[in-house]
Amino acid sequence: MLKFIAKIFGTKSEKDIKRIMPLVEETKKAGERLTTLSNDELRNETQLIQAEINADLKSIDDKLADLHKKIADTPDMDINDKEGVFAEIDKLEGERNKELEKVLLKVLPRAFAIVRETARRFKENTSLEVTALDYDRQFAATQANIKIEGDKAIWANQWMAAGNLITWDMVHYEVQIIGGIVLHEGKIAEMATGEGKTLVATFPAFLNALSRRGVHLVTVNNYLAVRDSEWMAPIFQFHGITIDCIDKHEPNSEARRKAYQADIIYGTNNEFGFDYLRDNMAREPQDLVQRSHHFAMVDEVDSVLIDEARTPLIISGPIPRGDEHEFADLKPRIYKLVEAQKKLVNEYLNSARKLITEGNEKEGGLPLFRAFRAMPKHKPLIKYLSETGTKTLLQKTENYYLQDNKRNMPEADKPLYFIIDEKDNSVDLTEKGIDLITGEGEDPKFFILPEIGTELSHIEKDASLDEAARFQKKEEVIRDYQVKSQRIHSVNQLLKAYTLFEKDTEYIIVDGKVKIVDEQTGRVMEGRRYSDGLHQAIEAKENVKVEDATQTYATITLQNYFRMYHKLAGMTGTAETEAGELWDIYKLDVVTIPTNRQAVRKDFDDLVYKTTREKFNAVIDEIVKLTQEGRPVLVGTTSVEISELVSRLLQLRKIKHQVLNAKQHQREAEIVAEAGKPGTVTIATNMAGRGTDIKLTPESRAAGGLAIIGTERHESRRVDRQLRGRSGRQGDPGTSQFYVSLEDNLMRMFMPERIAKYMDRLGLKEGEVIQHSMVTSSIERAQKKVEENNFGIRKRLLEYDNVMNSQREVIYKRRRNALFGERLELDILTMLFDTCEDMVINAKNASDYESLRLNALSTLGLDYEISRETFDKMDQQKLTDDLYHKALDNYHRKNKMVAEKALPIFRDLFKSRGATVDNIMVPFSDGQKQIGVVANLAKTLQTENAELIKSMEKMIALAIIDQLWKEHLREMDDLKQSVQNAVYEQKDPLLIYKFEGFELFKRFIAKVNEDTISFLLKADIPVQQSNDVQEARAPRTKVKLNEQKEESRSLLSGGGGGGEGSPQQQQPNRPPQEKVMPVKSEKLAGRNDKVSVQYPDGKVLRDVKYKKVEDDILHNRCIIID
């Protein structure tokens, strides 16, 4: 029906193309005019377009400049006026983006024509000569393809890209102009493999780079990011547009910071995401690397936005006692459990086989079903299920036990030690399993969680206990619950590691480390670790070093990262099957771009075999036949293990071949370069997102082109289409054929009952094969079912992350305000008002006059003079206003006093050391905690310490947000785990997570407000006279964080007596005791630099490596003196 409607009215993509064609014609027309221009005149066209864009935006830019100047020139502006100015700035920024899109659309044909004409000139000439401008000279200093001769610049058409010398030989086709327009509109261009997606991106990249807001070109791997940035660079640079690749530079380095200032920035999705997270852990504006998120184009967009979306980006760091775990102790018990289950499965399988052979299918179904519930991946079971009628019997038995809301399922599961649900990727221990792993003489409840609510209730009601004994008992119950909870979690993760995760399929071992393999691309996911202790469990299973546990410092899903961009677009060869998800989550429309030449590849129906052994024999026979015909062959596999199996089988037949999988990915470019030669056999694990085309030789083309052999259907139709798409590029001949067996994972788990019955009716014998379009369609329907299931998982993950995302937006915005300082004053006043309001509400509700005065003293450092009578008479709003204004006056007085007290000391320091000291680090204390505040010495003196107060506000706000945000993330992680149990109470865990997450966030914000205001209102500098002040260097300490090398530290150090830099605990209502504290200037020391340090007892260590005393310096146990 849908096909009939499309035939009459046309498809969506046809309508899209029809709408775009007038712009394509305008571009071609503009291009004709450019052919007559000289090289200098062509370059001048770019300057004219740039000037036109600037002129159209001038009125808005002038207004924005005036507003920013107004704020800078009037620091004492009324707070409500300032809020109004910032609101106006935000509104104008939105208007500017809309206006920019209008002007870019207006100049699009001319800009696209410039790019196309530049590509044509580089192709048709060995070099282009132009008048040398400043940017020519800058580029020539670092690039061999540009030479300066007098006042001329000569651009060669050969240059290096990813280590290979390339000669430019491409000009954009008409269909590529269509693709470029689709991308500029913020849509997804679906283009077949070999249609030049990399070249298409040059159109919108050039056009949007003219706005100077930054264009991010996102790729799936490091090789493509580097290659594409170097390959396309001269086309942009010829017109003065800068280009860089963030993956070439170390995270958090000056080089990466500079890379983000380029007009066009290439990089991998993970690096863009992690840079965003790192930026939101920065302590100084100059530490930020990214600019605003304006326009992103994602290559292999389905791979990035769909396949990668299930894995959130996480920066994690060490936690206290992170090296303590139970995996080594529990491993022997779990190994014993798994071996016992294996033995049990074999017994049930033999029993089922015997009963079914005797014709007693009714009784044989139960042991067969039990074997399946116990170990669905057990090889003998998989083989037996491929026999005629067995799969149908299993499905019939499963349906019986699933009916009536699984009422009879406990009866089936009772004899098993644990139950595996392969589809849900879960393992559940049974009572029998718990008994087996509980050692003799151990507490029978060693692995059973106590009913904590009931036990606490009993303790509460026990009249025989006094208050101290009751408290102690409760502590014991809570401690027991925490220990057992962790123990059970470790058991479950070890069980998963042994039963659901296979070496060389889900992960590989390299240099004694467990490395995850990406199921979509077959690449090793460097730096990635499974969460929730699963990675450590796998490390314990594989007898490699178990790494320390970590906690989350910052996290975001790729979905929420890319949704921050003003405009998002993407390219891929296979997005149509996921068009619904891309629209639902990202509001991205998919437009199918026609091919430049008609595709002539033949896609054959799947060949279905009974067993895996027969399937692989047929695959090898076909490879031998094809190589004898002189055709290149690409064999696609779904895992490293299968690629190595096919390799071994080919070696037995003495067939030369190359293997491209997670273990050989470094040789990718070299292997792919050879793959188009006659008789070449290449085995590749998943070709998704490889971005490397296989180019055929004339001999290979004449022999019939590239032959694709798929050894198994992937869970996703898209990955299969990507494999097929490697053949038949640009109208080349080719074929594709998938080989499937009833033992394959997809067929085992998702094959429809109808097909199982059909196979039984045919009575498929060993060695026989089925090839029918109905079977191929059924397999694709099974894949669709899996895709829908995976979409559900991703959507669920997104719904959970949306809760975090709304919280993240609030806290990151507040953090940015603190970092830049511009809007910090507004935030501090809001925090002060909210804190005062909370105090008044709590006191009024409880009619507790004393608590208000006590809280004002302990939190605000304010002796709030108000009579009982006034408290009772005054309404809540007036009382809040009164407390707020008195606290604010007190804060201003206190800051003035701090400034006056410190000013003489800084003047003395400037006189004696002003030439060598740029920044000073001043320790501020609230009597309990200490925070080091860095300020510029000269600026501090010029502003009579106003700069110091601003720096204090900034550093205190950042330190408290960072410390409490980490704790809040841990609480949210714990909440996400705990709410999953709501399923057993017929409740939706997500609803509970949303509700309780909101309550946690309210408490977190209140705590941030209270702690920040409390510290600010009580902050003082504990110093003595100027002649006691020493200058010392405080290096920025680097803490290595997982995922990428990340730098961060908490500036909060707990209070306590004694040591240097740790003021004594004091009552909140008393000023901190004055104590000699050095004013520190921030100078950096490398980890291997030699330093001299002094301890409080006077001991001096000279010429020690900084890393040896790093911990002591961080915890203020010593200071650097040289």
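In case you wondered, yes, glycine gets a Cβ from its N, Cα and C as well.
Curation plays no part in TrEMBL annotations; they are all automatic predictions.
Feature annotations, courtesy of TrEMBL:
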BINDING   Gln176, Gly194, Glu195, Gly196, Lys197, Thr198, Asp693  ATP binding site
COMPBIAS  1030-1049  compositional bias 'Basic and acidic residues'
COMPBIAS  1080-1090  compositional bias 'Basic and acidic residues'
DOMAIN    2-771  domain 'SecA family profile'
DOMAIN    178-337  domain 'Helicase ATP-binding'
DOMAIN    618-770  domain 'Helicase C-terminal'
REGION    1027-1091  region 'Disordered'
Review point. How big is the ATP site in terms of the longest C-alpha to C-alpha distance among Gln176, Gly194, Glu195, Gly196, Lys197, Thr198, Asp693, in angstrom?
Key: 17
Revision key, fill the gap. Most isolated by CB count within 10 A, of the binding-site residues Gly194, Gly196, is Gly196
Study note, to complete from the structure: Residues lining the ATP site besides Gln176, Gly194, Glu195, Gly196, Lys197, Thr198, Asp693 (CB within 8 A of their CB center) are Met191, Thr193, Leu199, Val200
Check your understanding: Do any residues at least six apart in sequence from Gln176 (ATP binding site), in the same chain, have a Cβ closer than 8 Å to its Cβ, and if so which, in order?
Key -> Glu195, Gly196, Leu199, Val200, Phe203, Asn596
Study note, to complete from the structure: Cβ atoms other than its own within 10 Å of the Cβ of Asp693 (ATP binding site), all chains, total 18
**Study point:** DSSP three-state assignment for Asp693 (ATP binding site)
**Key:** coil
Revision key, fill the gap. When each of the binding-site residues Glu195, Lys197, Thr198 is scored by other CB atoms within 10 A, the minimum falls on Thr198
**Study point:** Structural state of Gln176 (ATP binding site), classified by DSSP into three states
**Key:** helix
Point to revise | Model confidence over the domain 'Helicase C-terminal' (618-770) (mean pLDDT, whole number) | key: 82
Review point. According to DSSP, which of helix, strand or coil covers Lys197 (ATP binding site)?
Key: helix
